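Feature annotations, reproduced from Swiss-Prot:
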- GLU47: thiamine diphosphate binding site (BINDING)
- ARG149, 258-279, 301-320: FAD binding site (BINDING)
- ASP455, ASN482: Mg(2+) binding site (BINDING)
- 404-484: region 'Thiamine pyrophosphate binding' (REGION)
Amino acid sequence: MNGAEAMIKALEAEKVEILFGYPGGALLPFYDALHHSDLIHLLTRHEQAAAHAADGYARASGKVGVCIGTSGPGATNLVTGVATAHSDSSPMVALTGQVPTKLIGNDAFQEIDALGLFMPIVKHNFQIQKTCQIPEIFRSAFEIAQTGRPGPVHIDLPKDVQELELDIDKHPIPSKVKLIGYNPTTIGHPRQIKKAIKLIASAKRPIILAGGGVLLSGANEELLKLVELLNIPVCTTLMGKGCISENHPLALGMVGMHGTKPANYCLSESDVLISIGCRFSDRITGDIKSFATNAKIIHIDIDPAEIGKNVNVDVPIVGDAKLILKEVIKQLDYIINKDSKENNDKENISQWIENVNSLKKSSIPVMDYDDIPIKPQKIVKELMAVIDDLNINKNTIITTDVGQNQMWMAHYFKTQTPRSFLSSGGLGTMGFGFPSAIGAKVAKPDSKVICITGDGGFMMNCQELGTIAEYNIPVVICIFDNRTLGMVYQWQNLFYGKRQCSVNFGGAPDFIKLAESYGIKARRIESPNEINEALKEAINCDEPYLLDFAIDPSSALSMVPPGAKLTNIIDAVQEHPNEKIVCFDEIKRRYMENKRNRK
């Protein structure tokens, strides 16, 4: 067989089901081999969308997502999607075509230094120089992508290597690979675990901060056991949404810049903070000097580089969250059962829980607006009601784009199951929501997949309407349409003297006609009374469906200003954007005036 056929065999050996990609000249041997394979290839309309779809597939399923793009511009178009996966620790293998090995370094047609390009945004980079390397490199790539802290791995495929012959009997696909220098720690150090247990046992105001690492390790059941064993409140990061049902009485919601008041206040008042799979980003901590100043911090993370990077911790524990929590629960359970007298502090903890519950009750958000234009909170409320009415809570995946639509969902939507809320957290990539929904639906065909996006984010990858139309992928697209870059405008309004610049979409398309031009059902909703029925119609449809919600452009999110304390939550009240748009006639007038002045 040739190299390309060996690559297909290697993918099949990894039980890859689907590839998301876009072909090109440097990949023709690969696609020729793919033609003879049972592997499914989903042709996106842009390589960035292929990477986001592979990412959505990985987040929804826990499996490695695979994307592919040709050399040069195909590789550069993958970069944003791969960087998004890297920021959020999503397992991915990104394949790129490359010019023949003898032409590398000669500035050949569509040549680019793909290794240098991907190096900062992947766990590891490979370039296959000989066909005999194919089996081991592919096995190594998948091993690296899904072990330790997951993330993307890049393999560069020169065209001549795809065409050369390989004796697969002499170079079989290995079942295991030895990766020198790569040995992720999974078992927590016993001494550190004992220190953590001692701190937890002495706590009077304990709280858990659960991040994306809980979901990545599959530790949601262990987290729930720990929460209920100790009766400890829990808040999550954006990436941790879904690791515990947000309807649980001890769940406080998301913490941070756009976090809930109970989460932000309780974390700030805690005396022991148990952080699990969280990297303490600036969006979580706010002013680092005022972050959890009363608390002793226990930090559990599989990546030792994250511990102590942003926040000083008292008890660091490196390892897999699931395995560490199992051991913590085992030892705490033993202590509690052995001597209940040691639990005399329970009254103090119960007072803490009483205070937490009181804060939750006083912080219930108003969502039932009947205003026109529609308030985003009303859409979120009706979406949760429809999901309840249809009894699909455990069978629904939400993807979001980035901006106000993302934070309205993160703040107000009650996520109940793991891997059911997919969003770009670390990189904050606009354009992520729609293609990631495609990947999620392919990964979980029996689930209802609903993409929540803004008009700005949707337009960044709206060409993928062609993908869902061609393959009849029944995702529901909900556009929060305010004809504005809402989050940018909110910041300009709050922190830049209300000076509006480049935030209005005066030339946005008619999204209904755009969808219908692809043969996709679509509907515009302008009244709150239409929301419930429209959502049910779209969710029950077995075809793609686009809903365009005309939302109030003056709607804004409460937030913690950048660099402020978590308890410094401000209400954002703003007017309708009224930016003056400079039209082409004005651009031309200035050009001609400058031209005359130069004479």
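Each residue's number is its place along the chain shown, starting with 1.
For all residues, glycine too, the Cβ spot is worked out from N, Cα and C.
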Calculate the distance in Å between the alpha carbons (Cα) of ASP320 (FAD binding site) and ASP455 (Mg(2+) binding site), and round it to a whole number. 39
With Cβ-Cβ distance below 8 Å and at least 6 positions apart along the chain, what are the contacts of ASP314 (FAD binding site)? List them in sequence order. LEU199, LYS296, ILE297, ILE298
Cβ neighbour count (10 Å, all chains) around ALA263 (FAD binding site) is 27
Please name which of the binding-site residues listed here, GLU47, ASP455, ASN482, is nearest in space to ILE302 (FAD binding site), Cα against Cα. GLU47
Tally of DSSP helical, extended and coil residues in the region 'Thiamine pyrophosphate binding' (404-484): 36 helix, 16 strand, 29 coil
Averaging the per-residue pLDDT over the region 'Thiamine pyrophosphate binding' (404-484), what integer do you get? 98
Which one, from the binding-site residues ARG149, SER275, GLY308, ASP320, has the smallest tally of other C-beta atoms lying within 10 Å of its C-beta? GLY308
Drop a 10 Å sphere on every Cβ of the binding-site residues GLU47, GLU269, ASP455 and tell me which sphere holds the fewest other Cβ atoms. GLU269
